Amino acid sequence: MKGGGIENPAFEAPSSVLGRQYYARAGAATALPAEPGPDLEEGPCGWGPCSPRALQFCNNAEGYLAAYSLLAIFQGIVVNGLINISISTIEKRYELNSSLTGLISASYDIAFCVLSLFVSYFGERGHKPRWLAFSAFMLGLGSLVFSLPHFGSGKYQYFGSKIEDTCQTAETTFANATCNASKNSSLHKYLYVFILGQLLLGVGGTPLYTLGTAFIDDSVPKHMSSLYIGIGYAMSLLGPAVGYVLGGQLLKIYIDIQIPKRQDTTYTKVDQDDPRWLGAWWIGFLACFFAIWLLIIPFSCFPKHLPGTAKIQAEKISETHDDGSQILVHNIGQSFKDFPMALMILLKNPVLMSLIIASSSEALVATGFATFLPKFIENQFGKTPSFSATLGGLVLIPAAALGQVISGILVSKCKMSCKGIIKFMISTCSVSLILNTVFLFAKCGNEPFAGVSETYNGTGTLYNLTAPCNADCKCSRSMYYPVCGSDEVQYFSPCFAGCTSYIFNNVKKTYHNCSCVGKTKRENGSEDFLYEAVPGKCPTQCKFLPLFLTFFFFAVVFTFMATTPTTVAILRCVPDKQRSFALGVQLVFLRLLGTIPGPILFGVAIDKSCTLWDINECETKGACWAYDNERMAMLLMGISAACKIITIIFVVTAVYFYKPPPLIKALPRKTSKKISAIH
């Protein structure tokens, strides 16, 4: 074989005879080597008559892959990195619960879902690189819009101007004032701005993963397609990794950059350990807005087809699922009138639909964990929001990228046929299901929390913050300011701990005379510490975090090892003229059945495990302050396991229904393998 052409006499004769029979029957342009079609307009890299010689070094598949990867990275930074890591902060800042923030996450997929079919159908014969220039424009605009609520919501006020956090026997008028302020608060209205930003991001993401991926498959030999697509997908996962790390660092910066100075000595300076701390979530979105718009320049200069595309297309051999649809698709796609027929052909392809449902099931789990993994680590293992986000990104994203690259290399090096690729997916999904059992033995119990997970030293009742020891304190439940008692029990606030006095020790408050705090558990404790509490949550006693992260890492690796093979199998099991459209159909179902319900379902499951809601003075429920860890772990494991079982069932169904085209079936076994290898 020279230059990708078929020169082996062992299968040249049968391919010429059987191939022409198949071509005559089905009219499939890809059934055997053919001359380049008239629509493959190859050209130089540039803008019309302006085609600098330096740009021609990038006028190839590698140059396009570099630009595609950069756009995928920034798309991942914004959509799957910065947004996911900012969820907890946005919840607290704009008084939203997890179900509503799940809706924000799903808005991207709603826009993607609405536009995907039309963009992939009409863009198939259009100028794909220019579609990606439009993609960069919309992604940058969406990133800008998503940051706007910060500039319209004013300075963050983490409590009112007059408040005492210790036990007060006389009730103050602060509650009524705050209630009136809460009723007039318009923070929750910024939900619609976040949704608009996500919709714009969805519009921008649509061409990237339909037309952009199909353009890669058009421009490289078939046996290299999985490698190039795997690299592109891995780069798209590098984006969330950067987003998680960058966002985690930005959350260490105060939301308004400068912490407000308080003149009253009764106030403590808020720091990162304080649950009222909110980080500067918005900075990353502004930076990405400028960076993404710069990528409009390279995409606008690529030609409609890269040099050498016609030759590559002429040498490819079809592995389209043999269901007779090849005859129908030969001349469709020229106008909108063909849209319903083209769609029905794909919907009636049992192999395609089985792969689509399987990938949608996996997407539901992947999107749910991508959105709420930082929150899971934060609450399950008692870590700070910034550390949880950074840790989640460092584990989740590299594992996903590694899985993409490994599977792309294996499919390329082993030269797997379409059926072999689908069988490979069964094994990866099965291993991932087994590793999913980490939730059974690496979960943490609830830390002692007075009035939530245990009573006040035997007094009071569960799920009631008021007990005889603080009944006269007139405490407000609207101010969540947890303290850790010397008895290693967490209390909702110094007031609910019954603390009547405090002192400043190295600029940090230490509370004393706490009537609800039991006997100290410290060794060699003295009377000075018998009734003491310090700001912040108590350190967790759970040591399962390394074990959880190890198992979860490999579970993610094997989960994403099925992603690139799924895309390659979809591109191979449909006629060439419907490849972009098939990816569009896949991504519609991926959104409808996977990434849209995923964050919402996970958000509802997490809310179901809430044990302490933020109830303000107006008795309005806000965000959740504390969760039942075991219930949360079991609910998430149940959702994940059920989805993976569904995935395995439909991948097995795809293997059962797949029928290779007659050209490959009619040849001797060794010859068929050689044809599959020379893609």
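Cβ atoms here come from the backbone N, Cα and C positions, even for glycine.
Just so you know, TrEMBL annotations are computer predictions that nobody has curated.
Taken verbatim from TrEMBL:
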- 65-87: transmembrane segment (TRANSMEM)
- 65-656: domain 'Major facilitator superfamily (MFS) profile' (DOMAIN)
- 99-119: transmembrane segment (TRANSMEM)
- 131-151: transmembrane segment (TRANSMEM)
- 190-215: transmembrane segment (TRANSMEM)
- 227-246: transmembrane segment (TRANSMEM)
- 280-302: transmembrane segment (TRANSMEM)
- 351-373: transmembrane segment (TRANSMEM)
- 393-412: transmembrane segment (TRANSMEM)
- 424-442: transmembrane segment (TRANSMEM)
- 463-518: domain 'Kazal-like' (DOMAIN)
- 544-571: transmembrane segment (TRANSMEM)
- 583-606: transmembrane segment (TRANSMEM)
- 635-658: transmembrane segment (TRANSMEM)
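Through the fold, the transmembrane segment (635-658) approaches residues 321, 350-351, 354-355, 357-359, 361-362, 364-365, 368-369, 376, 418-419, 422-423, 425-426, 429-430, 432-433, 436-437, 439-440, 562, 569, 573, 601-602, 605-606, 608-609 of its own chain, all at least 6 residues removed from its boundaries and within a Cβ separation under 8 Å.
When each of the listed stretches 65-87, 190-215, 351-373, 544-571 is scored by C-beta pairs under 8 angstroms to the transmembrane segment (280-302), 65-87 comes out highest.
Break the domain 'Kazal-like' (463-518) down by DSSP state and the numbers are 0 helix, 19 strand, 37 coil. Over the domain 'Major facilitator superfamily (MFS) profile' (65-656) the predicted model carries a mean pLDDT of 80. Among the stretches 65-87, 131-151, 351-373, 544-571, 583-606, the one making the largest number of Cβ pairs under 8 Å with the transmembrane segment (393-412) is 544-571. Here the transmembrane segment (99-119) has long-range neighbours at 79, 83-84, 87, 90-91, 131, 191, 194-195, 198-203, 205-207, 210-211, 343, 367, 371, 581, 584-585, 587-588, 591-592, 595-604, 607, meaning same-chain residues at least 6 beyond its ends whose C-beta is under 8 angstroms from one of its own. Contacts between the transmembrane segment (544-571) and the transmembrane segment (227-246): present, as 3 or more C-beta pairs lie under 8 angstroms, all at sequence separation of six or more. Packing against the transmembrane segment (583-606) from elsewhere in the chain are residues 97-99, 101-103, 105-106, 108-110, 112-113, 116-117, 119-121, 206, 209-210, 213-214, 343, 346-347, 352, 355-357, 359-369, 371-372, 375-376, 567, 570-571, 624, 627, 632, 635-636, 639: each is 6 or more residues past its ends and has a CB under 8 Å from a CB in it. As a quick check, the transmembrane segment (227-246) and the transmembrane segment (65-87) clear the bar of 3 or more Cβ pairs under 8 A, pairs 6 or more apart, so the two touch.
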